[in-house]
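Contents: one structure, followed by commentary.
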Amino acid sequence: MKHLLGLRELSKEDIIKILNLAKDMKTILKSETKKTPHLQGYSVVTLFYENSTRTRTSFELAAKFMSANTTSISVQTSSVQKGESLLDTVKTLEALKTDVLIVRHAVSGVPHFIAKNCSFSVINAGDGMNEHPTQALLDMFTIRERLGTIERLKIAIIGDIFHSRVARSNIWGLSKFDNQITVFGPQTLIPPYIENFAYVASSLEEAVSGKDVVIDLRIQLERQKRGFITSKQEYYKFYGLNEDIMRYISGSTLIMHPGPVNRGVEISSEVLQLPNSTIDEQVTNGIAVRMAVLYLCTRKEGIYR
């Protein structure tokens, strides 16, 4: 497995292999030392052109727990601020003997561009509105761990579908396992082509009723200057997960969110604290999944053919 650029190009068997290995990695996380030599001698670099807490820290911990040499580049203090191009930046990292680059960028397709122009492995940590493959993988891992399967489930994805790379990766991944996927959100935030891949519900009540999993998405407030929603208060009233809407959701239905959470906008604090809320579990599972991805990307034999 040379790269992980997206779930669209992975097979069902590829995903299962990653999830199975992540289960083994989680056993390591539960040990007292949380340490394995699998990446000893490897150089792992994180290059984030967008802000991140969970993904960046999770990747860095995953690499360190596997004994890699890790470096985190702050774009704000790098030569990017002097006008250095993306290509020159990654070519510099190649000359510095990087083995794995974990990259996040606001422009879709950047990880694919880097993979075509450099010799090291590339892991996509989020590219524009395209994909966020490791977030979807950790979501799938969490679902399988809680429910025992990721096949033939009824899954709702609620919120800002239009801008969400998390939604796209989850749809690409979950659709390979014969799941019924429903989406719902403001009409301005539902892509016109989404009906080819998921059922579009007409109300929040319809969207969440009878579901095994509800994935709530972050409203990307940094994009709201374009007027996709009228106000945060109105969004919460019609699309937020609160105590009233929980009447339509079973106590066994998983409530998921990729984070960061805008409390009182997408979801209430009370719902976040329910036993069927998996948000903290998702963060922990993210380390195990990213350990698995790093392991596979540094092995000559792999799942990419």
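Heads up, residue numbers simply count up from 1 along the chain you see.
Every residue gets a Cβ built from N, Cα and C, even glycine.
As annotated by Swiss-Prot, carbamoyl phosphate binding site applies to Arg54, Thr55, Arg104, His132, Gln135, Gly259, Pro260. Around the Cβ of Arg104 (carbamoyl phosphate binding site), the same chain contributes Leu47, Phe48, Tyr49, Glu50, Ser52, Thr55, Arg56, Ala125, Gly126, Asp127, each under 8 angstroms and 6 or more positions distant in sequence. DSSP assigns Arg104 (carbamoyl phosphate binding site) to a strand segment in the three-state reduction.
For Arg165 (L-aspartate binding site), the number of other Cβ atoms no farther than 10 Å from its own Cβ, over all displayed protein chains, is 22. Residues or ranges marked as L-aspartate binding site by Swiss-Prot: Lys82, Arg165, Arg218.
Each of the binding-site residues Arg54, His132, Arg218 was ranked by the number of other C-beta atoms within 10 Å, and first place falls to His132. Other Cβ atoms within 10 Å of the Cβ of Thr55 (carbamoyl phosphate binding site) number 25 in total over all chains. Looking at Gly259, Pro260, the binding-site residues in this record, the fewest other C-beta atoms within 10 angstroms of the C-beta turn up around Pro260. For Gln135 (carbamoyl phosphate binding site), other Cβ atoms within 10 Å of its Cβ number 27. Of all residue pairs in Arg54, Thr55, Arg104, His132, Gln135, Gly259, Pro260, the annotated binders of carbamoyl phosphate, the farthest apart have Cα atoms separated by 16 Å. Annotation note: Arg54 (carbamoyl phosphate binding site) sits in a helical segment as assigned by DSSP.
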